[in-house]
Amino acid sequence: MSDYKSTLNLPETGFPMRGDLAKREPGMLARWTDDDLYGIIRAAKKGKKTFILHDGPPYANGSIHIGHSVNKILKDIIVKSKGLSGYDSPYVPGWDCHGLPIELKVEQEYGKPGEKFTAAEFRAKCREYAATQVDGQRKDFIRLGVLGDWSHPYLTMDFKTEANIIRALGKIIGNGHLHKGAKPVHWCVDCRSALAEAEVEYYDKTSPSIDVAFQAVDQDALKAKFGVSNVNGPISLVIWTTTPWTLPANRAISIAPDFDYALVQIDGQAVILAKDLVESVMQRIGVTDYTILGTVKGAELELLRFTHPFMGFDVPAILGDHVTLDAGTGAVHTAPGHGPDDYVIGQKYGLETANPVGPDGTYLPGTYPTLDGVNVFKANDIVVALLQEKGALLHVEKMQHSYPCCWRHKTPIIFRATPQWFVSMDQKGLRAQSLKEIKGVQWLPDWGQARIESMVANRPDWCISRQRTWGVPMSLFVHKDTEELHPRTLELMEEVAKRVEVDGIQAWWDLDAKEILGDEADQYVKVPDTLDVWFDSGSTHSSVVDVRPEFAGHAADMYLEGSDQHRGWFMSSLMISTAMKGKAPYRQVLTHGFTVDGQGRKMSKSIGNTVSPQDVMNKLGADILRLWVASTDYTGEMAVSDEILKRAADSYRRIRNTARFLLANLNGFDPAKDMVKPEEMVVLDRWAVGCAKAAQEDILKAYEAYDFHEVVQRLMRFCSVEMGSFYLDIIKDRQYTAKADSVARRSCQTALYHIAEALVRWMAPILSFTADEVWGYLPGEREKYVFTGEWYEGLFGLADSEAMNDAFWDELLKVRGEVNKVIEQARADKKVGGSLEAAVTLYAEPELAAKLTALGDELRFVLLTSGATVADYNDAPADAQQSEVLKGLKVALSKAEGEKCPRCWHYTQDVGKVAEHAEICGRCVSNVAGDGEKRKFA
């Protein structure tokens with residue numbers, strides 16, 4: 001028997017079947033670095049329209065976690081897809097390098113500043129620590145396949161950036177937004193510093209819940225207000241609080257002007273409460289026998305005075321809109337030094353902003369004999385005992401409630417009035433302008449807009465000063481007597497900024513005021529405060545984007561971070577940009593959800609359900625991690641587990657196998673010589689290119705809308721359905737058995753070439769390593785990297801006016817699906833082995849029959865059977881299978897007649913009819929020794 005294997009065009013490629021990504025990716029990365037791929041892309045895109053995604057800086061502390069990976073991969077997908085869309089999209093990664101977590105790490109190792117090291121040496125250690133953290137994180141980000149200017153990232157501790165942060169503050173001061181005040185701010189007693197909103201987390205805490213009676217100073221005046229004369233015992237206004245330790249700072253009681261307040265007689269005394277809360281309060285304090293003597297509106301009680309239970313002074317009743325009927329008594333204990341609402345109303349009434357608590361959370365000397373020097377949280381029990389002793393405690397119970405805690409220490413924080421510097425929200429209309437700017441930004445998902453609007457509408461002034469060592473100095477001089485800013489503040493700040501640009505922030509602490517103030521130095525003091533780190537990162541639109549040459553003066557198009565950044569980086573950036581420039585720093589803001597495990601639980605080391613990106617890359621490869629990120633709808637929580645990653649790996653194999661099939665069948669194809677013109681191609685091949693064109697339209701639209709899970713779904717559908725289960729199956733016969741240089745085969749290769757050129761580009765933003773690998777095996781002249789080009793423009797489709805248009809082939813797909821069902825049943829019944837052992841008769845109604853007949857003898861190639869005939873629907877025998885999908889179709893199957901050709905495996909009647917090739921069929925004889933078969937349709 002002759003060996004006809006050598007006459008077949010068998011697929012061949014060096015592109016490996018297995019990805020072996022974990023082993024292969026590091027080598028590709030080394031090549032990208034050696035070639036300076038990022039630089040090559042920048043050179044290729046120079047002069048094109050820009051798209052700037054500004055990197056929100058991760059904090060330079062610790063290893064990257066799965067959330068970091070999600071963030072950086074999403075950014076990279078956008079930057080790469082924009083590049084393919086014809087944009088110049090430079091990506092400059094950044095790091096947030098100042099602030100408390102780094103100080104704490106350095107303190108753990110070296111002690112607090114001033115103990116073993118001077119403050120200057122401590123700062124140097126902080127800088128050193130941050131630099132090592134940046135290096136560690138950078139390696140992992142690069143390993144993810146993220147392309148960017150990793151050799152020149154921006155660090156908020158770069159001298160130039162530190163100088164520009166000072167300049168940003170100068171601009172805000174120049175625009176009139178800064179003010180100084182003793183305001184209550186979130187204060188961590190462990191950090192001994194004010195905290196930003198974004199540094200506060202809420203945890204459950206158990207506190208004493210108490211009802212306290214403040215006795216009226218003028219009992220008769222109150223009786224008159226309520227129109228009563230017979231009251232048994234003293235009259236008191238009752239407050240409710242869960243922070244007894246704040247009572248020494250009480251300076252008023254707030255009530256609502258429009259609520260009804262009742263005077264209630266209980267045993268031996270009368271109490272004033274909101275009428276709607278009388279029943280619940282009586283229940284709480286265990287009183288069943290009570291009488292309401294009278295009611296008045298809250299407004300009637302304004303400025304009546306009540307005695308503080310133990311501080312020896314009296315306080316007024318004042319009117320406030322913040323009073324609610326949700327809980328308590330309808331009368332709110334008001335301590336302007338310990339709460340923002342209290343502070344605001346205190347300002348209105350000219351109350352003292354008392355702050356009896358020191359930075360370490362203990363009462364200052366002279367507060368109250370039994371409280372001086374006591375930690376405020378330990379003082380709760382002392383205050384309760386004191387109230388009991390004075391007869392002012394109506395009720396006490398333990399209550400669990402959500403309480404603000406320090407994000408770093410996880411310990412409860414306090415509101416504490418301290419002299420601080422604030423960016424005012426309303427002094428110069430910053431709030432109103434910010435709310436206006438929000439409307440001009442595209443928020444993705446769109447609920448982000450309402451979220452940040454409500455935060456901006458309700459937020460207090462921003463306390464930007466911190467009492468820290470490792471941070472950008474505020475660089476201010478204030479008069480030692482008046483505490484007013486120096487009249488030449490802006491000029492002086494620029495002078496400081498110039499020095500910081502050369503020597504870093506240490507230049508401020510080394511600065512002798514005389515050097516820039518001259519004789520005035522004796523009248524002014526240097527402000528020791530540093531800036532909130534959110535000011536550092538929030539000003540990068542100015543300190544980085546405005547000054548980096550690759551951004552060429554363009555503002556950022558997009559900020560992209562986790563959804564917690566509405567109150568973090570998105571907010572601080574908006575505040576600073578609006579305060580500096582009157583406009584938002586971004587055009588689009590995209591947020592992604594947090595990662596959770598397969599059961600939807602938050603990632604936690606204690607539960608042991610964390611997924612380490614380093615482990616995933618070392619086991620499965622970065623492309624699997626990238627595919628998981630792209631496949632997941634990032635607008636909600638993003639579930640990840642070993643099982644979910646395994647599914648991503650399965651999807652990856654499908655895409656890789658499709659790419660490998662294309663490459664293997666492009667063996668020996670030179671696009672410069674072998675390309676077939678569209679009008680000369682086999683119709684099915686043109687249809688396949690048209691499928692790629694339709695897929696590309698959907699995929700590009702999804703990339704444009706940042707719907708990456710749609711990109712992956714469409715890519716998978718194209719690989720699995722249109723290609724895998726239809727086209728790629730059908731063409732194997734023609735591809736392998738036709739004459740190597742025939743139009744029939746070259747037409748097919750032309751289609752595969754166009755499809756591969758498009759597919760490799762669709763993959764590139766997501767499966768960057770694999771796309772680079774595929775690119776290296778594609779035939780034809782090309783640039784070295786897929787990332788320097790644009791979407792493929794060589795696709796074309798069938799015209800609707802053609803008889804065999806897309807609708808024609810869509811119907812054929814359905815017919816083939818129905819035939820496959822019949823073949824599968826026959827295989828299960830052991831009537832046939834493979835589909836080529838079958839011959840089918842399609843009984844079809846006239847319209848469908850005409851379409852099927854149009855394919856002539858080539859219908860069998862579409863159906864992958866050795867025989868296919870078309871007959872009248874009404875002639876179908878009883879055992880023909882009625883199609884469930886196409887009502888006008890029945891399918892009958894019989895065993896194919898003739899012998900099996902050992903070359904093409906088809907069963908035909910003409911095997912051995914040609915003496916010189918006695919073992920093969922007539923079609924194969926033509927392909928081996930004759931002019932070759934002609935194919936028009938399939």
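Keep in mind that glycine also has a Cβ here, set from the backbone N, Cα and C atoms.
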Per Swiss-Prot, the range holding motif ''KMSKS' region', considering 12-16, 352-356, 602-606, 612-616:
602-606
Which range of 58-68, 113-123, 729-739, 872-882 is motif ''HIGH' region', per Swiss-Prot:
58-68
Beyond the flanks of the motif ''KMSKS' region' (602-606) by at least 6 residues, Cβ under 8 Å:
65-67, 594-596
Count up the helix, strand and coil residues in the motif ''HIGH' region' (58-68) according to DSSP, in that order.
3 helix, 1 strand, 7 coil
Please classify the secondary structure at E561 (L-isoleucyl-5'-AMP binding site) using three-state DSSP.
strand
Report, as a single number, how many Cβ atoms besides its own are within 10 Å of the Cβ of C921 (Zn(2+) binding site).
28
Cβ-based neighbourhood (8 Å from the centroid) of the Zn(2+) site, residues C901, C904, C921, C924 excluded:
T737, P902, R903, W905, H906, T908, V911, I920, G922, R923, V925
Using DSSP, break the motif ''KMSKS' region' (602-606) down into helix, strand and coil residues and give each count.
0 helix, 1 strand, 4 coil
Any idea what the model's mean pLDDT is for the motif ''HIGH' region' (58-68)?
92
Residue, out of the recorded positions K183, K605, whose Cβ gathers the largest set of other Cβ atoms within 10 Å:
K183
What does DSSP call C924 (Zn(2+) binding site) in the simple three-state scheme?
helix
